[in-house]
Amino acid sequence: MVDDIRETKECQLKDPMDLFHSGQVVKICAPMVRYSKLAFRTLVRKYSCDLCYTPMIVAADFVRSAKARDSEFTTNKGDHPLIVQFAAKEAQVLCDAARIICPFADGIDLNCGCPQRWAISEGYGACLINKPELVKDMVRLVRNQIDNPKFSVSIKIRIHKDLKRTVDLCQKAEAAGVSWITVHGRSIEERHQPVHYDAIKIIKQSMSIPIVANGDIKTLKDAENVHHLTEADGIMVARGLLANPAMFAGYEETPFQCIQDWVDIALEHGTPFTCFHHHLMYMMERITSKQEKKVFNVLSSTSAVLDYLNDHYGL
């Protein structure tokens, strides 16, 4: 982390709110466990992604352990604007994490949407949507303790079955100074059910800060449709970008140049093999036959993958 960060100190951090004031829909790469790390952020930024999030980091571990900081967070000069997403349940711990990260990122995001059992049992993630006063206190404390007025503080939420409760949560966060809110249009219990884009629209109409829509956006056409349905100021994409990192640049499927770019970036960043390979499996999902997948998906070394790409695609 340290070498990369030294380089970052020399660069000018950006104000993510400028994106929301640009008049364009902001195109955002979601916080994805294991996947939205520096190398992948570098790739999607090449293909018209405006704003990137880190994977979720547990704030208490980040504050307590230098080892956690080194393994969980890496950045460099080109990695901006950047939002670091934290899981936290205590306002001061979130503040301490924000203070550490502030010189190297453009904002933090509080995860109030992760529905995984471990997160909820620890008091993190989606259980926070039922604690609006705590969320308000957390946002307000970070706002008060971070000197940089351009440093953004956002939250990412799921919706309640009773939408009035979600609107109340959002309005409390807005009153505390939240910069924008990302809404995943499902409740905690819902996994693969249709996304409630109508709910995102109601939230958008109830707020005066930017609202970002999230959930089941797989193509640029989907992004345009969701913008139309919700009137959201930004569109956040997770799996759609894994399958096609060039999606925001208008490509229907991953172009070969994007695969070549991933190979170059991943090798340059020393990306571990499993991560390098998994990204390629996602990217090539739509452009390879069943038979090719069977062969490619069991390759077990970087050199075997490079040989395969060279033999089959001339990469």
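Each residue, glycine too, has its Cβ placed from N, Cα and C.
Listed in TrEMBL for this protein:
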DOMAIN    29-292  domain 'DUS-like FMN-binding'
BINDING   PRO31, MET32, VAL33, GLN85, HIS184, ALA238, ARG239  FMN binding site
ACT_SITE  CYS114  active site, proton donor
Densest Cβ neighbourhood among HIS184, ARG239 (binding-site residues), 10 Å radius: HIS184
Chain-internal residues near PRO31 (FMN binding site), provided their CB is under 8 angstroms and they sit 6+ positions away: TYR53, THR54, PRO55, MET56, ILE83, GLN85, ASP109, ASN111, LYS156
Cβ atoms near GLN85 (FMN binding site) (within 10 Å, other residues, all chains): 25
Sparsest Cβ surroundings (other CB atoms within 10 Å) among the recorded positions MET32, VAL33, CYS114, ALA238: VAL33
For FMN, whose listed binding residues are PRO31, MET32, VAL33, GLN85, HIS184, ALA238, ARG239, the greatest C-alpha pairwise distance in Å: 18
CYS114 (active site, proton donor) versus MET32 (FMN binding site) - Cα distance in angstrom: 11
CYS114 (active site, proton donor) and HIS184 (FMN binding site), distance between Cα atoms, whole Å: 10
Inter-residue C-alpha distance, CYS114 (active site, proton donor) and ARG239 (FMN binding site) (nearest angstrom): 15
